[in-house]
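Below: the structure, in structure tokens.
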Amino acid sequence: MAQLALLLLSLFLTLISLAPPGASISSCNGPCRDLNDCDGQLICIKGKCNDDPQVGTHICRGTTPSPQPGGCKPSGTLTCRGKSYPTYDCSPPVTSSTPAKLTNNDFSEGGDDGGPSECDESYHNNNERIVALSTGWYNGGSRCGKMIRITASNGKSVSAKVVDECDSRHGCDKEHAGQPPCRNNIVDGSNAVWSALGLDKNVGVVDITWSMA
């Protein structure tokens, strides 16, 4: 019995001596029992080496994809004529110089949008300086009748009135004249808006910035 105990003790000491120094050091998400098992500034959290939230290190999270600008992510998809389009309930935050895409819209009866403008249930003359805003910016109609200031990359600016929503949630139907859902960063302007900015509406889409006037 004494010989067996001596043999087991000898085996245990041999195993310890064979373990190289630092063999237990783990990197991100490696196994650990305490912070001594983790490399550098990492600490042991729930049996895995990870960043120390109190220190604020980002060693393990450094490769995590950054969130989309403005934190606005697609809420779903719609398929129009075999092509999928993202839908949105939100738009990027409005600032004193909000980046956007200017598109052209026909606000007259039978025009691009199908139905009358959301704000007043009326059709409009395209000689008016008017716009439709993406769903998030339209904000349930809270910007109806308000003026926004649009600035083109050529330096020209124009004030235009919000009369409609560029629907980012729905599309591909009769109500939307078969068009896909609007992107979440659209200012859909009348011919008069494009003309005042010195832009060719046939270009289709141009980069602008806008703010509340």
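The chain as shown is numbered from 1 upward.
Using the three backbone atoms N, Cα and C, a Cβ is placed for every residue, glycine included.
According to Swiss-Prot, the features are:
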type	residues	note
SIGNAL	1-24	signal peptide
DISULFID	C28-C60	disulfide bond
DISULFID	C32-C44	disulfide bond
DISULFID	C38-C49	disulfide bond
DISULFID	C72-C90	disulfide bond
DISULFID	C80-C172	disulfide bond
REGION	91-121	region 'Disordered'
COMPBIAS	93-107	compositional bias 'Polar residues'
DISULFID	C119-C144	disulfide bond
DISULFID	C166-C172	disulfide bond
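Taking H, G and I as helix, E and B as strand and the rest as coil, DSSP gives the region 'Disordered' (91-121) the counts 0 helix, 7 strand, 24 coil. Not a single one of the disulfide-bonded residues C28, C32, C44, C49, C90 has a C-alpha within 10 angstroms of the C-alpha of C80 (disulfide bond). Closest to C72 (disulfide bond) in space, going by CA atoms and restricting to the disulfide-bonded residues C28, C119, C144, is C144.
Between C38 (disulfide bond) and C90 (disulfide bond), the C-alpha separation comes to 42 Å.
Cβ neighbours within 10 Å of C28 (disulfide bond), excluding its own Cβ and spanning all shown chains: 17. When each of the disulfide-bonded residues C72, C80 is scored by how many other Cβ atoms sit within 10 Å of its Cβ, C80 comes out lowest.
Least packed by the Cβ count within 10 Å, out of the disulfide-bonded residues C32, C166, is C32.
In the structure shown, the C-beta of C49 has more C-beta neighbours within 10 angstroms than that of any other entry among the disulfide-bonded residues C49, C90, C172. Looking only at the disulfide-bonded residues C38, C44, C119, the densest Cβ neighbourhood within 10 Å occurs at C38. Comparing C-alpha positions, C28 (disulfide bond) sits nearest to C44 among the disulfide-bonded residues C44, C166, C172. Checking the disulfide-bonded residues (C32, C90, C119, C166, C172) against C49 (disulfide bond) with a 10 Å Cα-Cα cut-off leaves C32.
The DSSP secondary structure for C38 (disulfide bond) is strand.
When the disulfide-bonded residues C90, C119, C166 are ranked by how far their Cα is from the Cα of C44 (disulfide bond), C90 comes first. Here the Cβ of C144 (disulfide bond) has 18 other Cβ atoms within 10 Å, regardless of which shown protein chain they belong to.
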